[in-house]
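The structure appears below as structure tokens.
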């Protein structure tokens, strides 16, 4: 530096220190340290802390309040503190002091960077004794070996992962962890190590004066030092906890990019920033986690539409597999990150909700937003109001409706910036469509700032939907893989050709040689069609019924060559083994015969664990063919090279064009296949009807709001009055005019007008005691007001079907007279769904046998319900019964027996055999009971007379939701972890959410059988998200408790500022 220039005083960052373990290994101070120059005083004070800490082998966990001072440079710049610290350094050089502490270990300074909210030390205590000795090694392992895409995050390692790192190539040194490298023999030393070595090479000074001074004043200085440190520790606690520097840098960079994206998205310019107004990190995450490097042209066009930039409502439609979901995800991320608003995504089925939760949790962890599940019995009403981060709610149709109601009731709907609806065409499908219509109508009516995006592959009357949603429309015929449609009549295959006179042209004849026996067993020539593609390519065979799926799978295996058994034989054996583990030693006999050939069936008769396992095996190519029902086409994405429709029927109903398009849309896998094929098998008698099917327009989407009376228009009116959206007849009529039904009223209404239907529905609700009519004004029609009764409030809060609300009230009221709590049977009966009971038909012999095995107390429950053993015995014997018994009560009690047995045994297979019911049906019954139990709980919360049920139903709902041993429940809270997987994780040492949140996906893959990398990453991400949600909720509750009450007496007076300030100080301390 040239003379005359100002000298730069460099601030030296200070490592965290732990005085008790460093004394014996400190290097002696240099002469420069004893006689500091004027311009190096700060460096000398800081230099006394930069000492060599010893080798990592002796590292041990030492937590003290001194760790808080590591990042506070200002503490070291005080000359007085530096002097005190220097005196202490000299005192520690005394021989007796060194001897006394000669055996002390040192703390690994690198491990300070691992001190996040999730600590490894809590995991070590839960490990087996023989593995705990490796616990200290794990604190250094935060870099996974051979990072896969999406696995580049830092994970703390729980005890169950020790076996992975005992392998030499997986050791900390092999992984390249800088915290475990030794300085000796290392040609590339870190800057810190070089600095330490430069001090240790200096000659030792004379310490006579410091020794005498330290010996005489050690006690006084120690007391003074402790007092100062105690005071500073108290001040430090009020600060934000220190995080690793790398995390701060990442968050700062992300925050800066989000700020730039906010300005870009609000700017009228067409320049959208790095990635459609989003940080470049979003683009990187799509590459890492999903392998998406570039968007399709139509996706870019859609995202840059002027209507999208102006946040207008949008409907877009493309063929299946066209990439619709990616556009919706980018729009959701814009809302969450750039506009800082919550988002609601509505999906049709629970399985799809869970799949989407798993895939988006990694984005939430990296980008700083919550992903919350609202499906089945999961979901909190009203949702937690987050302090800083925003929430992405992923919900089924029913849960989305309850969520919107809760947001309207708490005046928080304005926080919802975007609603995304997948499979928008479902608005025209029965009661679920009516609920979806009500949800969207309420959002449109009560919030002018919430944007709605709807997408579907099968839409016809888009104009009606546009009018309802006030939306723009975008469509494209893009498919990443070309689809060729064929028809098979006898042995001839025709290609669908819209230009041909009869809609099809000749393609080819089947050349497969059939024996006479094979022709009888396989009249549709399925063996010939599937052997053209399997086992090298995948194939889906859609069948009319569940039983037909199983029969076709077995038939194919009988006539396939034995060579198919050798294809990926080892992996298929592993699938059988996994099925056996899921079934507690039992495997479906059909699957046991078909899986070795690479074939399986897929329908609702499987348990969710079995379905998930078979879907994963199919996706990875272990299974090459699935025989399935039409529900697979609308469920999870399982594409195939060839799709075969066994018949143009679903059960006994002829196929609709919407259903046909969804099924054939599964043909062709983007990035894998160059083309996709669909073949519809038909007989001559159905030929004309099939030609109309493939060439005709899609079915019109119509409102079911009035057709579904109790679940539709009545439930809508009750909630409108309960939420105070509308109170008078005129307001309700105005609301109805803006619904999808209001848009289509000219088409749908033949006999009554919309006004007459509105009046009739309100009168019916009043007669049932759900509404009460107030005095009317001069204009008795429009100005007639209504208010909701307590029963009505409970019904709409609990989302109870109004056809059963009065029955539920009577059952709960009767239960109070003699509730049997010695067992769960009585409570289970009260929470067994009414609609499932109406559809069931008991096996009377099984019913009689199970009744006889009840204890006297449990039989007393049946007696209270009016069902006697003699009645069931007569029904089992086929005798006539003169005594009239309510059929619904009898059926409901039978289903209660099934649920009661399941809760006691927690084994679907044994209960399935006991009651002669499909295991999939039993699991669906369990899920329905858990959901209805949650509804009954909310119903009881609104009625004081049912206070006794509240605590009882909370526990029952939890038991029905998980139906496993208590120790597995914490693991099953993680999305995507079902009973079989939870058992594997528990046995491997993962006992809590904290374990999973800190897990290394690579170690999970090696530790847990049949777990893919993708699944491992999703489990870890979902666990992290759940843990963050819980931590955020607890922090919010704590802040709420410490917040100064707004209605505190005296706040309005002249001395309120002083009083408020004083009260705030007390609260925060």
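Note that Cβ sites are derived from N, Cα and C of the backbone, with glycine treated the same way.
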Query - Annotated motif 'DEAH box' segment (source Swiss-Prot; candidates 410-413, 414-417, 418-421, 422-425) - result: 422-425
Report task. Show which residues of the chain containing residue 322 (ATP binding site), separated from it by at least 6 in sequence, have their CB under 8 Å from its CB. Result -> 296, 298, 457, 476, 478, 479, 480
Query raised in the report: What is the number of residues in the motif 'DEAH box' (422-425) that are helix, strand and coil, as DSSP sees it?
Result: 2 helix, 1 strand, 1 coil
Query raised in the report: Taking DSSP three-state, what's residue 320 (ATP binding site) in: helix, strand or coil?
Result: coil
Report task. Compute the mean position of the Cβ atoms of 318, 319, 320, 321, 322, 323, 324, 325, which form the recorded ATP site, and then list in sequence order the other residues of that chain whose Cβ is within 8 Å of it. Result -> 457, 478, 479
Query - Cβ packing number for residue 320 (ATP binding site), 10 Å threshold - result: 22
